[in-house]
Each structure stands twice: as C-alpha cells, then as structure tokens.
Amino acid sequence: MRIQSLFVLFNVAIIAWSYPYEPLRVLQVGENEVMEVPESEKLNLRRRGVKFFDVTKHTSFLPFFNKEEEPTVPTYNYPPEISNKEVVDDSIKNIDKGSMHKNLAKFTSFYTRYYKSDHGFESAEWLAATIANITKDIPQDTLTIEHFDHKEWKQYSIIVRVTGSTTPEDIIIIGSHQDSINLLLPSIMAAPGADDNGSGTVTNMEALRLYTENFLKRGFRPNNTVEFHFYSAEEGGLLGSLDVFTAYAKQKKHVRAMLQQDMTGYVSDPEDEHVGIVTDYTTPALTDFIKLIINSYLSIPYRDTQCGYACSDHGSATRNGFPGSFVIESEFKKTNKYIHSTMDTLDRLSLAHMAEHTKIVLGVIIELGSWSAW
C-alpha cells in the first residue's frame, strides 16, 4: 500500500504542476484514488458522470490511501421486526400530497439553488423559515434548529434536532441535500432541481411535519435523538455533508443510523413502480432494516440497485465511521435523466411516489427512535 500511496501522491503533484495559476481542489474519486484539479476540471468530471468527495478542507483525514485506515463502521443490532405499526400507520394516513406539491412548487421557483449563488442562499433561508414554522409549537428543550455554516460558501446546511428523552447520545439521522445544479453553466443557467433534490427535501419536510403533528405535539418524545439534515453543496462533491459528519466524528457523536433521501419523485414506468435500495457503499445491516420498513409500510416493492462511489450524502456518513443507507426513486438505470438541467421540473414527478418515500422516513424515525438494543 505504501508504493500505491507514493504513486497517488506523484499523480497529485503532476496535476498540480499542470495548473500553476488556478486554485486547486483535492478530490477523492475512489477508495484509493485521489486527484488535485482546478475548479473548472471538477465541473468537467461531474459532466462525465464521475462522482467524488471534495476533501480539500479535509486532507488530513485522507486515508493515505489505504482503505483499512478509514474509520470502521460499527455493526449495530437493528430491530428484527416492527413494533410501532399503529403509530406509524396513524401518521402515514395523514400524508398531505397537496402540501408537498405547494412546498416543491415554491422550492423549484428559485432560479437555482446552486450553493455558490445568492439564489442558493435565498432558498436555504426559505427552507429554514418553513421548517421553523412547521415546528414552531415545539419547545426548545425538545427541538432545535441549527444553521450549520460553511466557510467557503454562503448556503448553509440545516439541522433539525429532536433531543431524545432517555438516550440522547444515540442519534438517528434523516438526510437530504437542498442544493441544485445546472451542469452546463452552473453560475448562469436555471436549475429548478425538482427531482434532484427538491423531491427528497420535500419528502423529508413532510415527514418532519407529520412527526411534529402526530408525535411531538401529543407530548411524545423519542428515546433516542432524531435529526433531520438538509445539506448544502452536495453537488459540489458532498461538501456540506462532509463538513457535518467530519465535525460529528471529531465530537465523537454516536450516530446509530443515517438514511439519505435523494431523488424520490420520478417514475419511469407506472406499471413497474418501485423504490431502489442502494446496496453498494452502504451499511448492510441498516440496509436490511430499511427493507423491513419498506415491506411493512409501503404499497410498492423495493429493488436492490447500485449507485457507485461518493454517490450521495450517506457516503459522508460511512466515510466518517457512521452507518449509512440510501433509498432512491427506482433502480438506478431507471432514474430521472432530466436532472442537472432546466428540464428537472415538477410536472415530471409523482407526488404519490414521493409519499411512499415519506412513509419510509416515518417508519425509520419512529421505529429507531424508541430502539435501545443496539
């Protein structure tokens, strides 16, 4: 591995020499593959479908370049069967697709949610204000909203934290990224980002609304802490979530489970509707539990699928030693082909399909919120 490390470092040095006048970004594009490129080349990689972590701010955490040196994801015991069906079903029946449509219409009305743009900051402000309104009746000793600032860009991540009553140190996280991008000209062209990832954001907002209305307002508290994360700058190389989970790792937080919702609204074939369970670069035991939730609460089946390295924000969790899982709208080959363009619009999406993803979130936070036999 030491020879391989020297080879990678040599490649980084060569690339850096080739672009002497541009600020360079350090990208991890594989488990043992790192490159240093200018910002313009970073965008070209995205256009070619190359996924990566932008670890420029976190180079001290690179595994040099040995996967065995990365933090180990613990093996936890997740519930072998569901135990809160009545509570979950009571919440599911109140999913409001009209409210989801209204929120997604507003969220996609921003010209772009590109994390470096003023529009991206404005969309984060709207999202934070809407979340605050959803949760306004919950006391601060139960629920808090954190604006997680990032030094290099204006759009902030949002963390909604419901503090556990018994074991607040055990954390369950539901994630989605709030930013969008037009890969043709990110700083100039519109990026409505309805599916990527307005759909996942609104899916989680609706779950938060129902959790607030049907659970928290009735005086119930989870035993474990439940958090909703709305990440900035996923499209820039998982920048926002990498900041968040790197901070959590440094603080030695106990994240027991993280579920990512990214692209939840597109159905390519209504006669073959399903959700996709990502099985690569995720945590198998947690993924199996998510399958249990789907079988228990959804009206459509799941299919296993693969998404590749650094596919979405769950990768930032597993990279930092936390269990991560990812549910997407379908098998990867059948996902929305209009993303990252002006054509990723609300009219192409199914609110009913998004509602199925909301059911997953409700099942996870209610079932794991009360679980203790880790």
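The backbone N, Cα and C atoms fix where each Cβ goes, glycine too.
Among Asp96, Asp262, Asp269, Asp272, only Asp262 appears in Swiss-Prot as part of the Zn(2+) 1 site alongside His177, Asp196. Residues Asp196, Glu235 are recorded by Swiss-Prot as Zn(2+) 2 binders, and the candidate that the same record lists for that site, out of His101, His119, His314, His340, is His340. In this structure the alpha carbons, written CA, of His177 (Zn(2+) 1 binding site) and Glu235 (Zn(2+) 2 binding site) are 9 Å apart. Distance noted between the C-alpha atoms of His340 (Zn(2+) 2 binding site) and Asp196 (Zn(2+) 1 binding site) is 7 Å. Excluding His177, Asp196, Asp262 themselves, the residues of that chain whose CB lies within 8 A of the CB mean position for the Zn(2+) 1 site are, in sequence, Ser176, Asp179, Gly193, Asn197, Gly200, Thr201, Glu234, Glu235, Met263, Ser312, Asp313.
Annotation for the binding-site residues His177, His340: lowest Cβ count within 10 Å of the residue's own Cβ, His340.
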